[in-house]
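Please read the structure below before turning to the comments.
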Amino acid sequence: MTAPGLLGNETVCYSGTMITTNGIFVHEDPMAFSLPIFIFQLVLIVLTCRLLMFLLKPLNQPRILAELIAGIILGPSAMGQCKWFVDVVFSRNSLALLETIANIGILYFVFVIGLEMDLSVIQKNGKKAFIFAISGIFLPFLIGCAFSFFLHHKTTMREDTFLIFLSISLSVTALPVVSRILSELRLLDMEIGKIVRSAALFNNTFGAAFVVFVISLAESQTVFSSSSTLWVIASSIIFILFSIFVVRPGISWLARRSTPEDENFTNFTISIVLGGVMIFGFISDSIGVHPSFGAFVFGLVFPNGPLAVTLVERLEDFITGFLLPLFFVTSGLKTNVSKIQGASTWFTLVMASILSSVGKVAGTVLVALSVKMPFREGVALGLLMNSKGLAELIGLNHGKDQKVIDDTAYAMMVITTILMNAVITPLLIQIYRPARKFVPYERRTIQKTKADAEMRILACIHTPRNAPTIISLLEASHPTKKTPISVFSLHLVELTGHGSATLIVHNSQKSDNTAVNRMQVQSDQITNAFKTLEQHTSFVSVQSLTSISPYSTMHEEICNLAEDKRVAFIIIPFHKQLTVDGGMESANSKIRMLNQNVLVNAPCSVGILVDRGLSGSKSLMAGQVSHNIAVLFFGGPDDREALSYAMRMSEHPGNSLNVIRFFPGLNAVELTMDQSHDLNDTGILTLQIGKEQDKQLDDDCIKEFRMMKATDESFSYIEKVVNNREETVAAIRALDNIHDLFLVGRGEGIISPLTAGLTEWSECPELGVIGDLLASADFAAAVSVLVVQQYVGVGPNDDRIGTPDNASQQEEQCIMASVRQ
């Protein structure tokens, strides 16, 4: 048989029945049968890709680069030089199956891309994105045309076809690669990320259309009549219109008929859709366009809804981890670097890649400056527009299969793809490292928020189950005409797959929209719950938002939003939730790391809410709120912040507040520094003075609040004298069970003889020693806990995003800075 692709023009004969072997015990070689050899090839490809990804990870290289290099290593450029490797591992009669499976993977991959395509991004950026796309194509296209005259004589291709293919290869932008780089660099939600994705979508559309046209034109000159090009273009347009006006309504009808309450679709529905991908690919191939075009159109016209979400969830991991690497590796297997001969050819090729990249950056920077975008953002945008990957490789493979591209030209264009991808991320990290902006607002803490000023609170919710408890806490926070509360409810949704991190602002005026997936159903439930809070509680304004991002970067979305909205307090749920038997179980281990990241990076005070039935309190109407609140005060800024919030809550006529302050007794062992230190040392004296000042601030804070509540019968103040951790724990356990909410400071960095040693038994350090004790299963009283950390700020030169690992290091730096002063 003769076939295009990896087999080229070679003739290969094999038995169609040789699929599986009878075993080595009957003297049959498994490597001579199609299924065993395919399995062996697949394992070898996946392992090679993973190894290269591991090696290239420190260099911040995209995944496609590792997969292309893996194909080149396994192909004729390296391992293919070994005759045994070619005859046994990648034998001629096994390549047809490998490439077929690879192309099936591409069909479903581009289908998923079409499913996840958000055309609203183009509508929002519109004209600006189109101008960036044109500017990113124009100069590289001209440079490709110029260099094609120097490189064409090295190939056997027609001059006009080679010119256009090389120019397209140098000028097109790969949208999937762009999205992956933006996600890795945490730029998805920034303005530059939105613009480059929109421009890349325009660019991809232009490149794909041009490749289809060129291949059709080349074929018309060799195989068909000149009218075949027009037939291909006309058929493609009719195909698209049929998909929009016939297929899309049909899929919508199928989705409505098969939408169950739990959104678990039948296998019949899923099978119809997956079969539809194949049918669209077959139609597309029949009219003379690559099958991936049909699969992409099918995904693009597919209506949003639970069915689309289910398909993405079921297909994504298998395609990206299993099938997609096969396509990039087969592209590498077709690449024979030895075909590129001569130092002058390599020099010309490298110069073409460099100059086209510089040209794309230059064109993008000029447009960026014209729209008053900073120079560095323009350079970063130009670098991102140089991303190469799927679109051009599909075009190159299709051109090679149709024999309009020879081996030498194919190798040249794959090498340009590798070269241009290899420099993007390292240069981008060096040139453009956006620091989190510092918004100069003063009221970053509850304590500093004036009594006659609005208090802004960011309430984070993972599931609708978190909403009632936080709403109960907000109801009890006593909003008045003089001290209103502005609430920003943020539904946190984990981003999985190829989608882009998104911040959705819900319009309170649009209440008749129908939810189309589980995430939107939950967002609607949360939005409606907070809307009810706004309607039934006076002087409360609510804005509902949804953040869709990976857990690894979700804290950045929270902190950036808190800074943009100038909030004073962030409320985040504890990672454990109440069970039916009264215990606590972990809802999601990723939430714990998220909470730790928020504590380190927050631009304001933070409260971690441990829910143990707080929403069960009577709070149907604002006037019926009734909570018995207790504050455990040991001293320090976190405890003062917790007390400040509790005092605000105590203004509510239905709430009662009990403040218990703990003092060290005469027998308490004061924790000091190592006695070997000189007591006259300036640093130690500074720390001692700071400790005395902190104690004075505690005394002043307690004194002020006691004077304010001198005539309030719902307020009580108790002092307890304890000598060690055992007496502290016993005193806390002995508290009355009338309380339904404890407020405690996190107490990070506070050294006290009253809590010394409790850290050894702490399960959740993010709660502090006292908060961890109250939230533990050993604590008999099932009382909700709010652990508060006061914002203390960082140095003016510290513009990085922190992590839990460097939190203590930051504290040490702050102490050393105060010592030097």
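Even glycines carry a Cβ here, placed using N, Cα and C.
Copied from TrEMBL, the annotated features are:
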- 44-428: domain 'Cation/H+ exchanger transmembrane' (DOMAIN)
- 486-619: domain 'Cation/H(+) antiporter central' (DOMAIN)
- 628-793: domain 'Cation/H(+) antiporter C-terminal' (DOMAIN)
- 35-56: transmembrane segment (TRANSMEM)
- 68-86: transmembrane segment (TRANSMEM)
- 98-117: transmembrane segment (TRANSMEM)
- 129-150: transmembrane segment (TRANSMEM)
- 162-183: transmembrane segment (TRANSMEM)
- 195-218: transmembrane segment (TRANSMEM)
- 230-247: transmembrane segment (TRANSMEM)
- 268-287: transmembrane segment (TRANSMEM)
- 293-311: transmembrane segment (TRANSMEM)
- 318-334: transmembrane segment (TRANSMEM)
- 346-371: transmembrane segment (TRANSMEM)
- 408-429: transmembrane segment (TRANSMEM)
Contact yes or no, the transmembrane segment (162-183) and the transmembrane segment (230-247), 3+ Cβ pairs under 8 Å, gap 6+: no
Stretch with greatest number of CB pairs under 8 Å, the transmembrane segment (318-334) reference, 35-56, 129-150, 230-247 candidates: 35-56
Same-chain residues near the transmembrane segment (346-371), Cβ under 8 Å, at least 6 residues beyond its ends: 128, 131-132, 135-136, 138-140, 142-144, 147, 150-151, 166, 170-171, 340, 377-379, 381-383, 385-386, 412, 415-416, 419-420, 423
Result, the transmembrane segment (408-429) in contact with the transmembrane segment (98-117) (3+ CB pairs under 8 Å): no
Closest-packing stretch to the transmembrane segment (68-86), where packing means Cβ pairs under 8 Å, from 35-56, 129-150, 230-247: 35-56
